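Listed in TrEMBL for this protein:
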type     : residues : note
TRANSMEM : 59-75    : transmembrane segment
TRANSMEM : 95-118   : transmembrane segment
TRANSMEM : 124-147  : transmembrane segment
TRANSMEM : 198-224  : transmembrane segment
TRANSMEM : 236-257  : transmembrane segment
Amino acid sequence: MYVPMSPPPVITANNNTSTSLNVGEHPSSHTIFDRYSAAAKRYKYLRRLLKFRQMDFEFAIWQVIHLFIAPQKVFRAFQYRKQTKNQWARDDPAFLVLLMIFLVVSSIIIGLVLGMGFFGIIKLVLWVVLVDCVLVGLLISTIYWYIANRYLIANPKSNIDVEWAYCFDVHLNAVLPLLTILHVGQLPFLNSFAVTTSFLYCFIGNTVWAIAVGYYIYILFLGFSALPFLRNVHVLLYPLTGLFLTYILSIMVRWNFTQMIVTFYEYRVGHKRIP
């Protein structure tokens, strides 16, 4: 298992040995090689999903812990991977497997707390895993991939670009703390948050949401800041302003986020709450 003890050497966009194009290498041949290499890496990654013995769950657990206590160290590991394996994205699906297990377990518990039946819980698990995590994750990753490559590349004339798979990994890193805070932090009060319109429960529930979403944005910022060939990455923190204003407004008008989401989940799975 690899545990990064110190930051790896920094890669700069102005380095003569580019991370995407070696000196004297023809761009077109390099592009073809990159496409072939990316396809091979995706195939290898998907194939390893079925081989649990080849997954490094110890390192994946290390990443989970440090996403809460020292997220910068997690992205130093990504920098080390780039220098040793020539790719920013994970080549081991262990982290993804742990995330899916957490989502399944936490969704089952939430379904039980909300009084859903067996089939309602199954529907909830499928919605959370396939729609909320996978499909929404693919969409968000694609948006940030486009923004990074279109607007944040320090030298647009270079052949350096942001890997889409890395953007997806950054999203996974950010969504794990987000869902942990929401699924675990609100669990003891979930029914109270969902049915009451009191100011106190609205304040507590919306504060939990603000913390979770704010931390998600921060992890995204750290993920793209780890790429040395990007510039003006601080713009990814701008949504925090909108988040703060939305939070203040929601408290003023008693717009309970948790109540809204629970109602949405119950509607999706066809669950009717018993008064």
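Just so you know, the numbers here start at 1 and follow the chain as drawn.
Note: Cβ is positioned from N, Cα and C throughout, glycine not excepted.
Long-range Cβ contacts of the transmembrane segment (198-224) within its own chain (Cβ-Cβ under 8 Å, at least 6 residues beyond either end) map to 67, 71-72, 75, 78, 144, 148, 152, 162, 166, 169-171, 173-175, 177-179, 181-182, 185-186, 189, 192, 230, 233-234, 236-237, 239-240, 243-244, 247, 250-251, 254-259. Within the chain carrying the transmembrane segment (124-147), a Cβ under 8 angstroms from the stretch's Cβ atoms is held by residues 99-100, 103-104, 107-108, 110-111, 116, 162, 164, 167-168, 170-172, 175, 179, 220, 224, 236, 265, 268-269, all 6 or more beyond its ends.
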